[in-house]
Amino acid sequence: MLLFLFLIFLSFQPHTAVSAHCTTIATTKTFEKCMALPSQQASIAWTFYPHNATLDLVFFGTFISPSGWVAWGINPTSPEMTGTRALIAFPDPNSGQLVLLPYILDPTVKLQKNSLLSRPLDIHLLSSSATLYGGKMATIHNGATIQIYATLKLVPNKTKIHHVWNRGLYVQGYSPTIHPTTNNDLSSIATVDILSGMESVGQSKIQSLKVAHGIINAISWGVLLPTGAVTARYLRHIQALGPAWFYAHAAIQLSAFFLGTVGFSIGVRLGEMSPGRVYGLHRKLGFAAFCLGSLQTLALLFRPKTTTKFRKYWKSYHHFVGYACVVLGVVNVFQGFDVMGEGRSYAKLGYCLCLSTLIGVCLALEVNSWVVFCRKAKEDKLRREGLIGEFEKGSGSSHS
């Protein structure tokens, strides 16, 4: 089952790039290079003039509402939303015509403390404009394509540009409101080397770490940990196994925890490498599951002997924390699929098949346990009433 799950995960790569293609041909001019951006079906095309460090660029985006906005910008210092110098296009609230205004996204905008107000940019923006695909007869509607043009003077010898883009549903006056917070919208950042036309190596490294994080945690917290719990619950009552069930349970759980620690560490590193992206629920569930798993591991060092009166309290604690850790781990695996945009992927289907198989085994073992329990209870009742003893005595006399 684990091999099947591992192969399913290896067969997929998160589809962060939703755009199918890019083009160097815009409405008003033609550019030298282009690139499909990793979200929102967006792309860019540009021409770079090294002799004077001038960048001529166009951004292709789409509206998601007739009263919405589309933004593109660059962050001079880091690949995140905060600090971005943006050009935002939206319908003028008075005339309805398309307008393009400059904005600086400071920390108060991310915390939604203040409205986003237009102000001049502190970068060398030589010119900017915006047009709708379709010419003067085009109207702003859901799915309308927009082209944002910008000509910038760059810092000499600095060719890696942090591009940031997004779109929203509404504009209050001349203040764009917050954009949606789906994974597709939170992934609207890319660092591009305008000389080579390649995305930064750091972005591909982050993507590889995401895949490793997902595979390791799905196997450890999502499969091995529940399997270890099932081993302890149903195999301990089989007398023929002796203490083997305990060693199997401990080995599986310790393997799951140490493997999960690796996945957890990768997740922490991903958070440090992606300061502009916050997955609150996924992170909280991850920390909670890791803390409970750590408590379970430490509890082995303080496991009392079966003869002490504290044993029953330790067992209750061990069962409660263990099952809570299993539930949080499985829930967070599903949350992770949503975070990675793989809610309808074959990887998730493969995990669901593995989990369903494990649940089916649990149900079969649970039914068997109840059958054995009821049979023993009936035998004990007959033994107390003396029926079994008399039957065995009579059976012995007849044989003699």
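From the backbone N, Cα and C atoms, a Cβ is placed for every residue, glycine too.
Record features (TrEMBL):
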type: SIGNAL; residues: 1-19; note: signal peptide
type: DOMAIN; residues: 40-168; note: domain 'DOMON'
type: DOMAIN; residues: 175-374; note: domain 'Cytochrome b561'
type: TRANSMEM; residues: 211-232; note: transmembrane segment
type: BINDING; residues: His213, His249, His282, His318; note: heme b binding site
type: TRANSMEM; residues: 244-266; note: transmembrane segment
type: TRANSMEM; residues: 286-304; note: transmembrane segment
type: TRANSMEM; residues: 316-337; note: transmembrane segment
type: TRANSMEM; residues: 349-374; note: transmembrane segment
What else in the chain is close to the transmembrane segment (244-266), if you only count residues 6 or more beyond its ends and a Cβ gap under 8 Å?
-> 209, 212-213, 216-217, 219-221, 224-225, 227-229, 231-232, 235-236, 238, 286, 289-290, 293-294, 296-297, 300, 329
For the binding-site residues His213, His249, His318, which one has the sparsest Cβ surroundings, going by other Cβ atoms within 10 Å?
-> His318
Take every residue in the domain 'DOMON' (40-168), average their pLDDT values, and give the whole-number result.
-> 89
Looking only at Cβ atoms, how many others are within 10 Å of the one on His282 (heme b binding site)?
-> 17
Listed heme b-binding residues His213, His249, His282, His318 - what's their greatest C-alpha to C-alpha distance in Å?
-> 27
